[in-house]
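Novice: Quick one: the structure is below, and I'll ask about it shortly.
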Amino acid sequence: MSGTKWTDEQRQAIFTKNCNLLVVAGAGAGKTAVLVQRIIEKILDKEEPIDIDKLLVVTFTNAAAAEMRERIGDAISKGLDEDPESKVLRKQLTLLNKSNIMTIHSFCLQVIKNNFHTMEIDPNFRICDETEGILMKQEAIDELFDELYEIENEDFINLVESYASRKDTRLQEVVLELHRFAKSAPFPYTWLLNMAEGFNVGENFNFEETLWADMIMEDMKVLLHGFKNMLQQSIDVILNSEGIDYYYEPFKMDLSFINSLLEKSSFKEFRGEIIAYDFPKLPLKRNKDADKEAKERVKKLRDKVKKKIVELKNILDSYENEFIKKEFIFLYPSMKALSNLVILFDKKYEAKKRERDLIDFNDIEHLCLSILTDKNSDGHIIPSDIALNYRKKFAEVLIDEYQDSNLVQEVIMSMVSRVKGYWSFYNGQLIFNEEEINLEEPQIGLDIPNRFMVGDVKQSIYRFRQAKPEIFLDKYNEYNEEEDRKNRKVKLFKNFRSREEVINGVNYLFKQIMSKTIGELDYTEEEALKVGASYGEEVKGEPIELCLMDKKYEISEEVLKEYNVDEEEALDNIQLEGRLVAKKIQKLVGNNLEGGLKVFDKKLGEYRNLQYRDIVILMRATSNWAPVFVEELAKEGIPVFADTNSGYFDTAEIKTMISLLQIIDNPLQDIPLLSVLRSPIASFTDDELIDIRMINKNITFYECMEIIYRLYKNEKLDSYYSFYIEDENKINKIIKDMNEKLKNKICSFIEKLKLWREKSIHIDIDEFIWFLYVETGYYGYAGALQAGEQRQANLRILFQRAKQYAKTSYKGLFNFINFINKLKFSSGDMGSAKILGENENVVRIMSIHKSKGLEFPVVILSGTGKNFNMTDLNKNILFHRDLGYGPDYVDTERRIAYPSLVKNIIKNKIRLETLSEEMRILYVALTRAREKLIITGLINNMDKTVEDWLNLSEDKNKVPEYAVMSGKTYLDWIGPALIKHKDAVSFREELKMTSELSNIVDDKSKWKIELWNKRELLKEKVEEDEVEISEKIKETLMNLEESNYKEEIYKRLSFKYKYDNASSIPTKLSVSDVKKQFILDEKENTEELFKKLELRKPMFMEEKKKISPSERGTIIHLFMQHLDLKKAESEEDIKEQINRLIEREFITYEQSKVISPYKILKFCRGELGKRILNSNNVNKEMPFSIEIPALEIYKELDKEIYKDEKLIIQGVIDCYFEEEDGLVLLDYKTDYVNDIEEIKNRYEIQIKYYEEALNRITGKNVKDKYLYLFSVDNYIKID
């Protein structure tokens, strides 16, 4: 039936029978087409046709299942057109509607519904909404903690004290996360108990024989391979340089030492040899003819190796068996208590679901698993009778996207497939044993393998959903390509999507950086993509572009001054990268007549001009970057749409409606009430709101309105309101003087609000929300605004959410608001309603995850200089599905806390797995492109970074694994791979990197590396803004030419106020302003002092900036304000306090990076820290205002005119504390210090006003004044 010309490998994937077949399908290999064709061939086989309902086809998404069903239906219909009388085709078309083409969850639900009688669940069960589940979980954990507190459960109390900090919400988060994590295991309770028992070591415990020791050794060997390369590179330099041959012997000894370590299989021997080794000293010979540059180079490389080996020595030296054993024994009770706590929580949560006849998403797989499995007398997990019936029913089980399977799904599929073997636990891990099992009934005819699995481990990017790529990898390594094998694999690496230029570039890059260590697979020539698509000769392909910009590129003061741009404004990195991308898109699209890129249109069968819809911008995450890019592209006139999962709850229409619901539930909330009052729903002006607030500033705003309402209506105030009225006559006068229109407006709103509150009790929440839309007219109003269609779509989503909520077990407005809040915080917001059609001519911005399975003519991958997200590694307890728990060691009695050995091992393992995931995500991103691929990124300090890249180029075939392991961004991988490519020569020359590379790679891939100039982008933007303003001014003045008022207008615009200088004197100054005034150059005249105010864009309109020096200072000051010195005995204590500020949302994780625990600890342990600890009266961040004569600051002013002029000096004193003989004033500074005297002079006037303020406020003497300088970890005394 198919007219497709299949490759030999594709034919094998379609027609191979009677085996378990793993199809390894690279990007663009046409795996879906192959899978569909295999199904068609099965159902139309002339010798052994199989009805389509006898196949189980498992897809990753519902959309994929629908597409597959549609493709099969189209193929059958096409066959019927050719042979209308075919009974087989007609039968298959009829059976298609009841075919088993579905997601794994749909199949599990089918199993549950067909076999509910075997379970203790109601046949009318409902799947609970995710947010409903979150609400139930919170109820369950609150109740559980209350019960355990009440009975004073000792294990629980110890857990709280060790891992909950001040609030038990921290421990609740640990329990909820561990519960979710455990549910990815087939048998969660067993997994939880096994992981805790891993800490239950006996007296004969020998760390050197454990899995942990082997892991440490293997991780260190990766580093040793890097050291080996460095030493080998050094030896090559020694042998090829003049006059340094005497270095050869010690370097050779070092290399032999490294080689010996790499051969060790025993941790004991490995550890012993590293600890015992002493590097031989280099000979101190002088040779006039010696190549000094080469000599210095090899010494540097050796020093680097020595330093790293010393670090490894120190680590291994701490791995003393008795110490580790004590650590395990100490942690065991806590970890056992944690496992039991999670099990108790799960039972309570399960009970709540059963009360409501609910199951959640995790239950679907686990209930199905319990139906399909049994245990035999040996305790092995084998198929149940129901599973054996499914084995009889399904002639073949086909699994799409197999690389994204988790262990629960793998066990389920093994139960319904005809596989020989059983599952059992070994060392706490569930493993499959491929052996014959004894069943009560012989399975005649069911011994022929029938499993078909298709996927690509290089595209496994769902580890965060507990996908386990190792399942695919195990079969990939075990299965054979030879025919007539029971377990066979076929590789499909011919790519039918992309141009040769894209494929060659992808192959080059991943051969360089992907390995078993990072990526979990060696990207060899065998794994490489092969060109399968033909684009003809009419249009030549273009090289892959890498566009780089230096974050640290200095813009001179002259340029900043010339363009009137603040340095921070100039260096907004995300904005500038967005601007760069906009310029690239403009160039690509051209003017749609000529000059733009031509792309091949598959539907037209010919080339056409590139359109905006052909372009996608991919990002690792879109939440912070996409809005900035949207704005930058829009400024350039480029239509753009960002597919994000954020922003919905920040839209004006949703904030207003949620505020309305909040005050209907409880009107005593000022912020939501004022939001509604200022909205078109109530239309109060700011002046009217001020008048209302004048009633009483100490009560809620609603209570003020209620008092006005009652007194205006001549209603008697009850005792509650009377309590707040000190002078009823005064209140009556305020109300009497109040505008009559305002009083009526207040009464109308109060009466409406009371009616709405009453109505909310009697109707369902979805009905009530629609009633409010109509009653207030807000839905229609939103539609009349700009982007009205989008706004109304957002309001409809809120209505749909309410409808969804109405079906849950929770009722009432209060619970709905709670539901929305949980939705907001648990799901990380939502994207706005999607009203854009697929064919809209816009550039799309989306995350790499959302692009999986899609393809685009042009792909721009942006944000490659952004750091990988490793925040999960900072938690006090880590979890790993194979290695178990990685807790901090916390001894509350001795007040000791540090990462345990097992935590460090698990932390490193998770880090490597995260890096492997990021490697695969990068692969997915680059393989979305059909014709053109552009990569953009920002770099910190271009010269230094490129030099680092050059130092990693010793191996032309591979970037060293240790370098890939230490990568923090995609550019950390891409850069070292490309810097040695032949196409990077001109780039290196541009940066004046003239040192000769011995390992330039002459690869067939084509690259174009561009260095973008921040200054030029900034200059372009400022010039564009100036032209726009200039044009508007010209247009206005042109219109004035014909006006009779021209002369008068010019006269008024030219008016100069007589006391212009006085108008420039502020009524208030901060201490910092005073400091700046006093350090002005002495030659500066008064006219310069009073230079005109420059109107600039308000800060709230500015885009998000990088952390500036001033913001850095603010963050450190904020931390010092909240620092508890009594709980700052170690760096870990300080990290804990930093994490608390992050949790309380005082600072973000990114901002926390500027706080150095080491520096804070030095302050705490220093003299000033100790003095603060000993003081009984410590005050932080004390604001003050004092009045002083203006002439004290502005000495140049006319003394007669300004003699009575006063200024208010305002400031905040960082810290002062009291000792027996007076006050001590302390101010923190984060400036970089070159000259102590300069610093003292700079801040002397500031400290003077702080001292004066303290004297006036406290009436006490300030005996000492200090500046603490964090840059040098020391203080200076101000006289």
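The chain as shown is numbered from 1 upward.
Backbone N, Cα and C atoms are what each Cβ position is placed from, and that goes for glycine too.
In case it's useful when we look at the structure, here is the feature table from Swiss-Prot:
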type    : residues                                               : note
BINDING : Ala25, Gly26, Ala27, Gly28, Ala29, Gly30, Lys31, Thr32 : ATP binding site
DOMAIN  : 4-499                                                  : domain 'UvrD-like helicase ATP-binding'
DOMAIN  : 526-853                                                : domain 'UvrD-like helicase C-terminal'
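Each of the listed features needs to be described in terms of its position in the shown structure.
Specialist: Cβ neighbours of Ala25 (ATP binding site) (same chain, under 8 Å, six or more residues apart in sequence): Lys31, Val34, Val454, Gly455, Asp456, Leu492.
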Novice: State the count of C-beta atoms found within 10 angstroms of the C-beta of Ala27 (ATP binding site), not counting that atom itself.
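Specialist: There are 23 such Cβ atoms around Ala27 (ATP binding site).
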Novice: With the ATP site defined by Ala25, Gly26, Ala27, Gly28, Ala29, Gly30, Lys31, Thr32, which remaining residues of that chain have Cβ atoms positioned within 8 Å of the Cβ centroid?
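Specialist: My list of surrounding residues reads Val34, Asp456, Leu492, Asn495, Phe496, Arg497.
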Novice: Around the C-beta of Ala29 (ATP binding site), how many further C-beta atoms are within 10 angstroms, looking at every protein chain?
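Specialist: Result for Ala29 (ATP binding site): 27 other Cβ atoms within 10 Å.
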Novice: Can you give me the same-chain residues 6 or more apart in sequence from Gly30 (ATP binding site) with a CB-CB distance under 8 Å?
Specialist: Gln10, Leu492, Phe496
Novice: Can you tell me the three-state DSSP label for Ala25 (ATP binding site)?
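Specialist: Looking at the DSSP assignment, Ala25 (ATP binding site) belongs to a strand.
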Novice: For Thr32 (ATP binding site), what is the secondary structure by DSSP, using just helix, strand and coil?
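Specialist: Once the DSSP labels are grouped into three classes, Thr32 (ATP binding site) ends up as helix.
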Novice: Using a 10 Å radius around its CB, how many other CB atoms surround Thr32 (ATP binding site)?
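Specialist: Other Cβ atoms within 10 Å of Thr32 (ATP binding site): 17.
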Novice: With an 8 Å cut-off on Cβ-Cβ distance and a minimum sequence separation of at least 6, pull the same-chain contacts of Gly26 (ATP binding site), or say none.
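Specialist: Set apart from Gly26 (ATP binding site) by at least 6 residues yet with Cβ under 8 Å, we have Asp456, Lys458, Lys491, Leu492, Phe493, Lys494, Asn495, Glu527, Leu529.
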Novice: Across all chains shown, how many C-beta atoms besides its own are within 10 angstroms of the C-beta of Gly28 (ATP binding site)?
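Specialist: Result for Gly28 (ATP binding site): 23 other Cβ atoms within 10 Å.
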